[in-house]
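The signal peptide annotation in TrEMBL covers 1-26. According to TrEMBL, the transmembrane segment annotation covers 271-296, 345-372, 384-404, 416-440, 452-475, 507-530, 536-563, 575-594, 606-635.
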Amino acid sequence: MQLQSHAPSGATLLISLLALPQLTSAFYLPGVAPTSYKQDDAVPLYVNAIRPVGDADSVLHSVLSWDYYHPTFQFCAPEGGGQPVGESLGSILFGDRIKTSAFELKMKHNETCKKQCEVTYGKNAAQFINQQIQEGVSLNWLVDGLPAGQKTIDVLSDTEFTNPGFLLGEQLDDGRIKFNNHYDIVIEYHEVNGNNGQYRVVGVIVQPESRKYTGEIGPDTCNTAPDIVELSETGDTKVRFTYSVYWIESTTAWATRWDKYLHVYDPKIQWFSLINSSVIVIFLVLTVMSVLVRALKKDIARYNRLDQINLDDLSGTSVLEDGVQEDSGWKLVHGDVFRNPSHPLLLSVFLGNGTQLFVMAGFTIAFALLGFLSPSNRGSLGTIMVLLYTVLGFVGGYTSARMYKSLHGEKWKLNIILTPLLVPGIVFAVFFLLDLFLWAEESSGAVPFTTMLVLIFIWFLISVPLSFAGSWLAFRAPAIEPPVRTNQIPRQIPPVTTYLKPIPSMLLVGLLPFGAIFVELYFIMTSIWFSRIYYMFGFLFLCYGLMIITCAAVTVLLVYFLLCAENYNWQWRAFLAAGTSGGYIFLNALIYWVTKLSLSGFAGSVLYIGYSALISFLFFILTGTIGYFASWLFVRKIYSSIKID
């Protein structure tokens, strides 16, 4: 496609922004350079954790993953057992457990019905495996960094794509459960341009089959075994594993080999959601601007005129020209609007951590949008999130201390300590407790103890000192002074209308930012729980921006109405109202649990609810911080614009 040289329109800019992840595939990114093989060179096939992907009705029955070499599955292992392959921190945290395998692949060397090993399954193992098959677990292999998958047709768009992973077995219509023991491995390759004899892997398809062998296994045996393998739950079952390898030349370029995995299940829904959210945000922002600008301009002019009249007439009067009265409006609380809120220490700690999360999320989405978090570099998303949050401890400490000092807090030592410890401590404690459930279930998703130690090491040796340094600089800086003086005696707050009471206002304000990201949140949750690749970071970037604008606009509007009602306790109200979006996310997770999941065990339900609560808590702090700072800037702006005697 050729582009003409002219000033870009809004539509062109939008399309270019959404196309950035695809444009970045035109060049090689750091850490994902291609590997070339010569003919008959060994091409390693690695195995990963066995994960649930849902049954035929797209209902997920478990969230537990298993090690490929779990004793119950008894898959064929190489001599000396499957050895762990080096993984990134993010890869481990997201549940990858990559190990070597007994499969022998050689570039352009076909194999037909090659025997691996023979295994005997007892009745207990058969019961466990049959249950896993019914719950829809899939095997996950990697060849040259590409996940082995199965070709799938999207019935909505009638397009073919590769779905990572393939089923352990299948429950037939007649109720029988077949166990797959033969794998047809089809590997696509292409020759490197200008490098004769050099080849690269550009696609991996695995077609699992169930073959019940009765005699010796030869090259043609796999095609002459009509019966399927059923694991008996009343006795022992002998199973022989085999595989075939077929190499097919492809025209797919190495740089675009991931395109067949990156599939949007219904792009129209995302476009509709994005346009719908944009229209709502534009309407909301215009409404807020119209109300605030017109009302504030009129109020400020009125109050300044009122002050001038009071200066000219020292005797004063309660009723002024144009019927303006002194005993109404947001100016009357100017002596209390910057009064310190309750629990300033906790508020400042939340604001520091919220700022840290805000910057981390922005950088992470930007890196992903530019293509630096390639799916071929497994775990890069989790790794960059951990590293960014660690390094941004300085930002969190500085923001927390700066706000605490402006709130005239006296427990500055406690502020320095709690900022890097309170919120991360809560997150780590919940994460550790949930990990205990995974350990108890012997799931491979349990984070190893050594990785836990690495996280603690990073936390205390990097993040905490950086947070301390930021706090130290902030406390040495001059305090942020309010534009108006605070009265010694607090003003009495009159009763407010129903919609300005804490609970109704929180429910109303929190709903709109949640609505801006609702559809994208659905795709993210589907990606997490159904082990699908998420890559639509262009949509996510725009949704994140819409959420920020919505969160700021509705919170500012709430604070303006509160001040007009002479309620000057806006600090916590702004934070909690905007943070209620996190509560809606948790409620959405519960609805998703009821409608899309059918978790069979207690541990699975605890894990799902626990992780959802953890995500919602972090989102609560993030959106609460956005709402607070938007309101803080707004309040400072309007009270610095009026004349105070």
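Heads up, the Cβ atoms here are built off N, Cα and C, so glycines get one too.
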Contact check, the transmembrane segment (452-475) vs the transmembrane segment (384-404), 3+ Cβ pairs under 8 Å, seq sep 6+: yes
Any residues 6+ beyond the ends of the transmembrane segment (416-440) with a Cβ under 8 Å from its own? 64, 345, 348-350, 352-353, 393, 396-397, 400-401, 446-447, 452, 455-456, 459, 463-464, 467-468, 471-472, 475, 603, 606-607, 610-611, 613-614, 617-618, 621
Among 345-372, 384-404, 507-530, stretch most in contact with the transmembrane segment (575-594) (C-beta, under 8 angstroms): 507-530
Hey, would you say the transmembrane segment (507-530) packs against the transmembrane segment (536-563), going by three or more CB pairs under 8 A that are 6+ residues apart? yes
Which bits of the chain, at least 6 residues beyond where the transmembrane segment (384-404) starts or stops, bring a Cβ under 8 A of a Cβ in it? 89-90, 93, 344-345, 347-349, 351-353, 355-357, 359-360, 363-364, 367, 373, 412, 415-416, 419-420, 455, 458-459, 462-475, 477, 480
How about long-range neighbours of the transmembrane segment (536-563): same chain, 6 or more residues beyond its ends, C-beta under 8 Å? 17-21, 264, 270, 274, 277-278, 280-281, 284-285, 288, 291-292, 295, 330, 333, 337, 361-362, 365-366, 368-369, 496, 500, 505, 508-509, 512-513, 515-517, 520, 523-524, 569-570, 573-574, 577-578, 581, 623, 626-628, 630-631, 634-635
So if I exclude everything within five residues of the ends of the transmembrane segment (345-372), which remaining residues of that chain have a CB under 8 angstroms from its CBs? That is, six or more out. 17, 20-21, 23-25, 29-30, 380-381, 384-385, 388-389, 392-393, 395-401, 403-404, 407, 409, 411, 414-415, 418-419, 422-424, 467, 537-538, 540-541, 544, 571-572, 575, 618, 621-622, 624-626, 628-629
